[in-house]
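Trainee: Okay, here's the structure, questions in a sec.
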Amino acid sequence: MSVAGGPGVIELEDVSYSYGGGELFSNLSLTLAPGSFQFLTGPSGVGKTTLLKLCYGDLIATSGRVKLFGTDARKVDRDGIALARRRIGVVHQDCQFLDHLPLAENIALPLTVAGRQAEAEQNLGELLTWVGLSHQVDQLPPQLSGGERQRAALARAVIVSPDVIIADEPTGNIDWEMSQRLLRLLVELNRMGKAVLVATHDLNLIRAAKAQVQSRVLRLKGGRLQAAGADL
Amino acid sequence: MRRFSLLLSLLAGDPQADRAVPPTGYTARLTLFTAGAMAFLAVFAMALASTSGRLAERWGAELARTSTLRISAPEAQVDLQTQAALRVLESTPGIASARALTSEEEQALLEPWFGAQLPLEDLPIPQLIEIVEDAEGYDATGLRARLQAEVPGAMLDDHAAWRQPLVEAAGRLRLLGWVSILLIGAATGAMITLAAQAALSANAQVIRVLRLVGARDVYIARAFVRRFTVRTAIGAAAGAAAGTLALAILPRGEVAGGFLDGLGFSGAGWLLPVLIPPLAALVAFLATRAAAMRSLEAQA
Ligand SMILES: Nc1ncnc2c1ncn2[C@@H]1O[C@H](COP(=O)(O)OP(=O)(O)OP(=O)(O)O)[C@@H](O)[C@H]1O
Ligand SMILES: [Mg+2]
């Protein structure tokens, strides 16, 4: 199941997680290798978001090991986690914006906190055009539609040009045409060697992706992670 | 070195980091008010310390320098005894000069109590001799013994007996002034800690988002630290200015006598309140940084 890991990857080895009750999943392994494109599917509430949170150090596995860029996440201090997150672009299921800052500043935030504001000026315009938000730059996140927020979240995730892109239901509120555009952005970044992991219920998106890029579909169900067949 | 660069990066201007945390009008106003009120009080504590310090020094110096010899004798003997006393004093080591007051001078001394029309000649007023010591000072016990033998009507009053407690009280007052300043500083720190803590908990979601996009603790702390430091400095500047002004226009009256009249600073001492805003800012900086680091640790 695991793809051999190299530098610049995230690895989960025999990982279990529980929020305090029963185990959500156990002995689960997953590798995000450079250039890999993977989908994560499964019923609602099965633990997809939880699994993604383990990948960017938001949660710590109850057992097993999570390696962030070669280092055990348990041994990384908060500064180390912060630095790792600058290499991981995440689209959160609930977007996670600063509601008092206009959209442009929210999208540039990963660069701002990394002291790389100068790059924002170069990338922001192009990125905003790609996600179709050029006219909303001055709006506050609560003033945007659900789909606009998700597109903005994707823009924020990729603005630092991260090594890994993790997207949690990035197309949940987005029409088909815009989904295709976001997918093309992800495929493009993947071709540049970035590892991509997308949690989604959207089978059409998965099919469309398979036509463009070699991708793997993983299904989380009953606490186990399985490769989904070609029947998808 | 690491600590130093941490300190620098905490203070360094980064308007972006400040913007990342939403402005909170309420804690901002409370912090400004607290800093202002505390600075106002600090000015008075400083004035108290400074004034009582000056008093202690002046009284102490006078105490050390001058004393009085009083001669009470039957009228016929007063002149004789005065001459004898002056001879004794002149030959006493440690005394720079000794001089018998003229009756005009004595009249002037008594005037405030008895009025100008006092018929001094008709009253048994003792003759006063003013003694000025040199830097070494004289041996009061030895002098008393000699005077007792040669000038029976002489009473040496070296001021020490009644002025010493005053000097001690002034010294104690100065200490109290400085203790008050320390307490004001500590109370300011405590209140700013509480305000910063409230701001940090109110912004838990903001902190979470900043962390998700890769912000380090020092970056997040900086937004809070800078904010509270700047607000405290501004509030303290206003409070210190108001306090100094209030002191400067304090009514000066003859009636108030020595102490109240002198409450305030002298000369360059008026620059002392200028120290209050930077000191307050330093307190705010340390208090907010400690609160932020503790809170970020807990919210991890
Ligand atoms: N902070 C939490 N504390 C306790 N239980 C939680 C917490 N977060 C999630 N859970 C539970 O863990 C389970 C998995 O949640 P998770 O969000 O990972 O599911 P998901 O697969 O992403 O679902 P969806 O497809 O609806 O997004 C759910 O039953 C949820 O109630
Ligand atoms: Mg989810």
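Glycine too: its Cβ is placed from the backbone N, Cα and C atoms.
Per TrEMBL, the features are:
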type	residues	note
DOMAIN	B:179-288	domain 'ABC3 transporter permease C-terminal'
TRANSMEM	B:30-49	transmembrane segment
TRANSMEM	B:175-200	transmembrane segment
TRANSMEM	B:232-250	transmembrane segment
TRANSMEM	B:270-292	transmembrane segment
Trainee: Looking at the domain 'ABC3 transporter permease C-terminal' (B:179-288) alone, can you tell me the average pLDDT?
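Mentor: Summing pLDDT over the domain 'ABC3 transporter permease C-terminal' (B:179-288) and dividing by its length gives 89.
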Trainee: Could you tell me what the rest of the chain brings near the transmembrane segment (B:232-250), counting residues at least six beyond its ends with Cβ under 8 Å?
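Mentor: Result: 31-44, 47, 188, 192, 263-265, 270, 273-274, 276-281, 283-284.
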Trainee: Under DSSP, the domain 'ABC3 transporter permease C-terminal' (B:179-288) has how many residues in helix, strand and coil?
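Mentor: Reading the DSSP string over the domain 'ABC3 transporter permease C-terminal' (B:179-288) gives 93 helix, 0 strand, 17 coil.
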